[in-house]
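These features come from TrEMBL:
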{"type": "COILED", "residues": "79-141", "note": "coiled coil"}
{"type": "COILED", "residues": "170-216", "note": "coiled coil"}
{"type": "DOMAIN", "residues": "218-470", "note": "domain 'Olfactomedin-like'"}
{"type": "DISULFID", "residues": "Cys219-Cys401", "note": "disulfide bond"}
Amino acid sequence: MSPPLLKLGAVLSTMAMISNWMSQTLPSLVGLNTTRLSTPDTLTQISPKEGWQVYSSAQDPDGRCICTVVAPEQNLCSRDAKNRQLRQLLEKVQNMSQSIEVLNLRTQRDFQYVLKMETQMKGLKAKFRQIEDDRKTLMTKHFQELKEKMDELLPLIPVLEQYKTDAKLITQFKEEIRNLSAVLTGIQEEIGAYDYEELHQRVLSLETRLRDCMKKLTCGKLMKITGPITVKTSGTRFGAWMTDPLASEKNNRVWYMDSYTNNKIVREYKSMADFVSGAESRTYNLPFKWAGTNHVVYNGSLYFNKYQSNIIIKYSFDMGRVLAQRSLEYAGFHNVYPYTWGGFSDIDLMADEIGLWAVYATNQNAGNIVISQLNQDTLEVMKSWSTGYPKRSAGESFMICGTLYVTNSHLTGAKVYYSYSTKTSTYEYTDIPFHNQYFHISMLDYNARDRALYAWNNGHQVLFNVTLFHIIKTEDDT
């Protein structure tokens, strides 16, 4: 086949494939075959009622604060979604319309070329018939060459007819897209551009109110424990590490107390990053050895149980000296009423959103847990609650919002099994599992600032996230 014919064949083949693709694919792309447009009458009305149920969790593995909100069914974003889908569809139609316009210009140009070729082919056919009538005057060789060229051109005639049909189809597509674009534009105008902006402002207002609400949010009921996140691996099987829940946002000091006895050295780190890298900023040599691992740092001071006694010590890190000490009346000590793992864990000091607490057991309460709220300055007991849960059957315990949560073991399979509310003086049995990754927990304390549980897990310092359930009443609630 000669080069001009090859070029013509390539052009026609390409245009045939393009038109075939357009006829099969374009309707589905723009939604002409199956898409039905929703009318504005189906938009959901926004209810003015506002009342929230909020789940909040301490932080994710990257250290970000987590707050999950469960709101009444209002479908606030239904219009937003439909408006966004409409805009995207309109943009797609406009882009397709531009592509069709470019393709149409190319088609018209090539179509003129094809028509010209068709005229030439018809003229050639007529000439061939004339020559065939007078072929006796021509040489046999020239006649054969001319006949072969004609045979090559004959298959292009059906292609030309198909090309005319495809060109009409492209024109129809162009008209349908123009009509669809007009319909979408009309619907968008009926929905209204200002409606989207108004909805956007309502969402921003809601976010602002929710942030203000979360700032006031302090207490809730424990619903779930997730993790742990392993921060560091160091020390013996038993120990304690902590941060100050009342420290400022810029103060992220970490304190580290290895072992449960025969030690007086407290190591301080300026930040969690320094703690992980082992860059100590200071060490404190306490005047007394501590007992157990249930110490707490609260408002710049360390509270711990003096070894072989039921005396509580308050030690100021800034002053480097003891500020107060007091005997916890009737409290068992030195493995009389420890947690299940032993380790002189008779007296557990802890803090939550409400204040400073001591958890212990007495003979007067038959070895069951006693909860006492302490004055942070004088260590005086302000009020006590006697529970019916045996101290020796508890793996660990911690306070959240004035409620004591008790685990049933310190080993694998441990879960929060019992809770006692000091607000209502009532208890309930719970079933909140958590992952005891390293099989042995010797310290588990809640930090109200971080909304997390600090744990010493068999020589690993780990963090557990907690999910608390809150009910927030608004002015509209009765």
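Residue 1 is the first one shown; counting continues down the chain.
Backbone N, Cα and C define each Cβ position, glycine as well.
Of all Cβ atoms in the shown protein chains, 19 besides its own fall within 10 Å of the Cβ of Cys401 (disulfide bond).
Mean pLDDT for the coiled coil (79-141) in this predicted model: 68. When Cβ atoms from all protein chains are considered, those within 10 Å of Cys219 (disulfide bond) total 15, not counting its own.
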